[in-house]
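K.L.:
According to TrEMBL, the feature domain 'Amino acid transporter transmembrane' maps to 45-449. Annotated transmembrane segment per TrEMBL: 69-94, 134-157, 169-186, 198-218, 238-257, 277-298, 318-342, 370-390, 396-418, 425-449, in sequence order.
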Amino acid sequence: MGSLGNSANSKAVHEAGEDDYDHHKHLSPTHQQLDAGALFVLKSKGSWLHCGYHLTTSIVAPPLLSLPFAFTCLGWAAGIISLVVGALVTFYSYNLLSLVLEHHAQLGRRHLRFRDMANEILGPKWGRYYVGPIQFMVCYGAVIACTLLGGQCMKAIYLLSQPNGSMKLYEFVIIFGFLMLVLAQIPSFHSLRHINLISLFLCLAYSACAAAASIYIGNSSKGPTKDYGLKGDAESQIFGIFNAIAIIATTYGNGIIPEIQATIAPPVKGKMFKGLCVCYTVLIITFFTVAITGYWAFGNHSEGLLLSNFLDDGNPLVPKWFILMTNLFTILQLSAVGVVYLQPTNEVLERTFADPKSKELSARNVIPRVVSRSLSVVIATTVAAMLPFFGDINAVIGAFGFMPLDFILPVIFFNLTFKPSKRSLVFWLNVSIAVVFSALAIIAAIAAVRQIVLDAKTYRLFANV
């Protein structure tokens, strides 16, 4: 499964093109036997700046537009505290994960995938039966969610120009799926660096638009009466709090830190930290601006997607062209985010169907690549079109997937790798993070399942919501 292969693979790497081989020379002899997934999808050619672009696209994505909605369940104080804690804990845990990866690289065992780390640190069964499957589930779930949200944004643009239009949501999901189908053919993660730079500017653009529209509506008489009280009875409020924490945790989620670090050219030391600094600069500007201005303007009337608040019974509260532009920025970035989260799937497909002995762009590898990647996008698009309530399902996936991958496993990996003293602050800080977020993951999963049960009566396949 992992990056260990047999002796035939060793010969294969030598014949696979000097360029790719040179970039993986830093691996120990056993790890030089790279499979096609590592060789073609996870090329180690990027700089720390490219790494920053990949990180920003994977974390600072359109789900940040649901942060004001999370605040409706938490209120001002708890909402801002949750945002700050989320930023601090994820920045800390992503750096720990990076340090563990750097440590193994210095020992001559550079891990290019999350499951490879788990294989070595926790044992082969953990990598194969736990980390591998939940990472695949989280990443493929993110692809489906991006496709669905892209379709919803396209439908919003359509209804602005054709309020009584007859096109259904699933038709827009399919149109967005075609865009994903084209982008999915980009061969390697490293090849996405220019797209992800554009994506960085797009997330700044739609965040600025969302904040500007919120301030404009909040200062006008058009917006709703500002009410920051928590809605519902005591039970609803308690579950609402955990649902909001799950939304915030998922918004900060990544799940592919090792794969992003794999794109960095050796030596890797210190480069991931710089990349994370780029990402978190953008993150702080966007997350806090959108969450605070959105909640300030709409209070507990904030919708699950902030852009929905810019319409009141179909009547735009800001100029139509402004809503169109904001949705367009969001759609374009969603396509980049979707393709980034396709990379772990692409790596598995490449490892399964490609031949490391042949060149990357040979017919032997291009034909299986186009067919398998196209099929994976078609399946994701079909699921998104069939299940427009996929957001509820994704909340469960987020609780079971993003929480362990981004909050719990990094601190466990660090403690097992570096074995800090049990009297040290680092040891107990890491144990506390693991325990607290394990409990939160379980409660958030229960809250998400409860939401599915409550909403189940409204579920219909291919519903036009």
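Glycine is no exception: its Cβ is also placed from the backbone N, Cα and C atoms.
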K.L.:
Below 8 Å between Cβ atoms, which of the listed ranges 134-157, 238-257, 277-298, 396-418 makes the most pairs with the transmembrane segment (69-94)?
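P.N.:
By the under-8 Å Cβ criterion, the transmembrane segment (69-94) pairs most with 238-257.
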K.L.:
With pairs fewer than 6 apart in sequence excluded, do the transmembrane segment (169-186) and the transmembrane segment (238-257) have three or more C-beta pairs that lie under 8 Å?
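P.N.:
No; fewer than 3 Cβ pairs under 8 Å.
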K.L.:
With pairs fewer than 6 apart in sequence excluded, do the transmembrane segment (425-449) and the transmembrane segment (396-418) have three or more C-beta pairs that lie under 8 Å?
P.N.:
yes
K.L.:
If you count every Cβ pair below 8 Å, which range out of 134-157, 169-186, 198-218, 318-342, 425-449 shares the most with the transmembrane segment (370-390)?
P.N.:
169-186
K.L.:
Test the contact criterion for the transmembrane segment (134-157) and the transmembrane segment (318-342): 3 or more CB pairs under 8 Å, pairs 6 or more apart in sequence, then answer yes or no.
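P.N.:
Contact criterion met.
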K.L.:
Please indicate, using numbers and ranges, the residues of the same chain that are 6 or more beyond the transmembrane segment (318-342) and have a C-beta under 8 Å from a C-beta there.
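P.N.:
Residues packing against the transmembrane segment (318-342) from afar: 54, 57-58, 61-62, 65, 139-140, 142-143, 146-147, 149-150, 153-154, 156-157, 160-161, 176, 179-180, 183-184, 186, 189, 192, 195-196, 198-199, 202-203, 205-206, 209-210, 213, 216-217, 256, 307, 310-311, 373, 376-377.
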